[in-house]
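Single-structure report; data block below.
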Amino acid sequence: MLTPFKLFTKIFKNRNDRVLLRMKKVVDMINYMEKDIQKLNDSQLASKTNEFRKSIESGVKNLENLLPQAFAVVRESIKRIFNIRLFDVQLLGGIVLNSRCIAEMKTGEGKTLTATLPAYLNALSGQGVHIVTVNNYLAHRDAINNKPLFEFLGLTVGINLPGLSASMKRAAYTADITYGTNNEYGFDYLRDNMVFVPEERVQRGLHYALIDEVDSILIDEARTPLVISGPSDDTSLLYSKINELVFSIIQKNKRNIDNLQKEEYFTVDEKSRQVILTENGLVLIEQLLIKSGIMNQGESLYSSDNIILMHHVNAAFRAHILFTCEVDYLVKNGEILIIDEHTGRVMPGRRWSDGLHQAIEAKEHVTIQNENQTLASITFQNYFRLYEKLSGMTGTANTEAFEFQSIYKLDTIVIPTNRPMIRNDFPDIIYMTEHEKIEAIINDIKDCVKRNQPVLVGTISIEKSEIISHALSQIGIMHKVLNAKFHAAEADIIAQAGYPGAVTIATNMAGRGTDIILGGNWRAEITALHKANTCKILKIKSDWKKRHHAVLKSGGLHVIGTERHESRRIDNQLRGRSGRQGDIGSSRFYLSMEDSLIRIFASNRLVNMMKKLGMKSGESIEHPWITKAIAHAQKKVENRNFDIRKQLLEYDDVANDQRRVIYEQRDKLLNISDISDIIRNIRCDVVEKLFNIYIPLEIIENKRDVMKLEECLEKDFCLELPLLKWIEVEPRLYEEKEILRQRILENMTQKYEHTRKIIGIDIMCSFEKEIMLRTFDVLWKEHLASMDYLRQGIHLRGYAQKDPKQEYKRESFSMFTKMLDHLKYEVISEVSKLVIELFNKKESILNSTNKYNDFQSINTQVMNTKLLSIDHFLNQHTLTKNKTVSRNDACPCGSNKKFKECHGKIVNKRH
């Protein structure tokens, strides 16, 4: 009997069904046009692209009006080039992707070709389409495979891969459709906002992004920011010393536990992945630090002077206890390579932050690289929200539909499969111990091999995959292993995982991107042949049909999960490798009470129930209730991870607003040839600020304040003004300080105009832009570091009954305002130091000795960096140099000091 809710749903349909019903009408229109499109010859079909583009340019039609006809053209082109006719469900997927939504399409439903539909349509506007994949292999494969289609239709295709030169990247982005990875798109965006010449940028705007495996990129990797960094101070020796001390404490703690002693030095919180020192642990580490000379007698590890030491100690404990080799990372060629916890892939070039990577390098006794300082950063969440139009596709999105909507404003639409799903998903089997579970898995594999059924075994770490591999080797079962150690042969291994009796062990199947075809991949076999004649091809196809039939008879691909992942979505991705395109298949997960998910997150009720049953060694429980209990534990973890990602975004949104302001201002600077008006406005603000600092009251009450202002103008702006004399001569200035302010501004402006006249407007403009851009970058880098420090400690405000998020927003805004004020001050200060005396009106502007060939403006404590030399610009403008500056001449910087006492001193130090 139908419940009222089910009856209501049956009559009115759910939202997903209603959306698909509406889109089905568009599919009917595409099918209706198919006959007319089929009548066109190749030339007429290809010319449709120009016809569509003219319609858009003239404003007669927009993309939505063109969709049915454009999709019909792409479908017919695919049929002619690849001999494949797109299913109606693929057309539905294309419509969903064009509608700023996420399309959930099951494995094997043809997502790669589906993506060509919205990619073609959106490329017609000429603004570029970015197709985003999870790795370089997929980006290259999809671009090469789809290139014949797009080129037939008159569109260009680019591939954006790491290691390409700027000109090659620029060419890739200029193409109508660009394939690349999420990392590369994000890093290119950050690099583009660090250039000094507009022509050095590679991207041409963020119009439309279509993300493959969207859940992997927008959810799994949402907590990992993209960071461009530079080297910081060398602290490798300190990491090594602290590593030895922490290792000795861990060993001592282990001995205490083995000897049943109650004294513990630290506790481990696996849920929050933290190691917490106990009172005894704190006393011991302080004693060891003092004994080794790292800390002074009588000091505390928690004193403000030792915050960095505490940071190193925490990193060392986490490295030893929470991070495991061949689970979280690999050691290869003297390097620590991070393993992606979601995909099982190695991530070369990635490094953990906060000193953790250095702590792991110390733990594994490899070369410890310097810590890095952030130069620019952005999260994937905020990067992809910069696109005007965003969509994505994956086989598993519905479980994360709420997060997609709440964070990215993307609805999730589930596309029905072309054929009914007939895979048999068996209930989970749970054992008491890990050993019993492994035994049961091996027995299941043996049974499958006996009946010639292919098996895919999914593990969550390299360590687990090698345990299974070792057990299979001992009983003589041939198998292949796919993990971070052997990822180079990934596509070949997966392509042939459907062979009769094949056993494939894979670590985290998420995002592998290659379908498992029952009977093996005959196309891959043909491609592997150097010279494929018709007879060989026919034999390969004939053999494949026999193998395909044998696999179907044995039950199709059997998927074994060695434990549940934290996310149900990853489990569904593993299961989804079986039962593609209506194929028969099966899946089962084997669990034990020692699995981390059950041990950390499962409810006490489940654990107690297992104990009460009094299970004997080797016994197992198989019941839907167990599966539901595990799913509930996974949901708890998913909700917790969602809260973490949401909180991360809320904090990053603060930095993102500031990043947007900085990048917009920087972009504006790059595109203006003459920024003298900007300098003029900034100069007014700086003089106003100076007065507010040194003479805050309405009237001048203290001559000492005026003297300090006078000293500041001379030191920071090379402006010698007799302010005290002016006041003595004109007593009214005591009360009318606005007149004094205006006079200072006029003198500063006159000095500036004089400098422009001497140097030349073009050179001065180049200087000003260079100074402003470099000051932007240096202060932004320091601001990011300050924001990071603020973020790390802001949670402590909660103890004072204050909202940490509101406090973070308030303080970061205050810091940002101060940074902008500092920026103005530094720019005007540096520009003011560019005063150059005219030695010869008709000859050169600046002449120097051979040693003095790298004249630079004075470094300040804040900038601590060298600005581009005047000589560089003079050479660019073909100015000659033939007069020598002697040691006793006035320094050409305009400081009125002798050259030997000013920049001559700097030159001598440098040489």
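From the backbone N, Cα and C atoms, a Cβ is placed for every residue, glycine too.
A quick note: this is a predicted structure, and the numbers were derived from the prediction, not measured.
Site annotation (Swiss-Prot, ligand ATP) includes Q90, G108, E109, G110, K111, T112; from D492, D515, D543, the additional listed residue is D515. Neighbour density at the Cβ, taken as the number of other Cβ atoms within 10 Å, is lowest among the binding-site residues E109, D515 for D515.
Looking at Q90, T112, the binding-site residues in this record, the fewest other C-beta atoms within 10 angstroms of the C-beta turn up around T112. On its own chain, G110 (ATP binding site) has L86, F87, Q90 as residues at least 6 apart in sequence with a Cβ closer than 8 Å to its own Cβ. The local packing around K111 (ATP binding site), expressed as other Cβ atoms within 10 Å of its Cβ over all shown chains, amounts to 21.
Listed in sequence order, the residues of the same chain lying 6 or more apart from G108 (ATP binding site) and placing their CB within less than 8 Å of its CB are D515, R580, Q581, D583. Of all residue pairs in Q90, G108, E109, G110, K111, T112, D515, the annotated binders of ATP, the farthest apart have Cα atoms separated by 17 Å.
Within 8 Å of the centroid defined by the CB atoms of Q90, G108, E109, G110, K111, T112, D515, the record's ATP site, lie the Cβ atoms of M105, T107, L113, T114, excluding the listed residues themselves.
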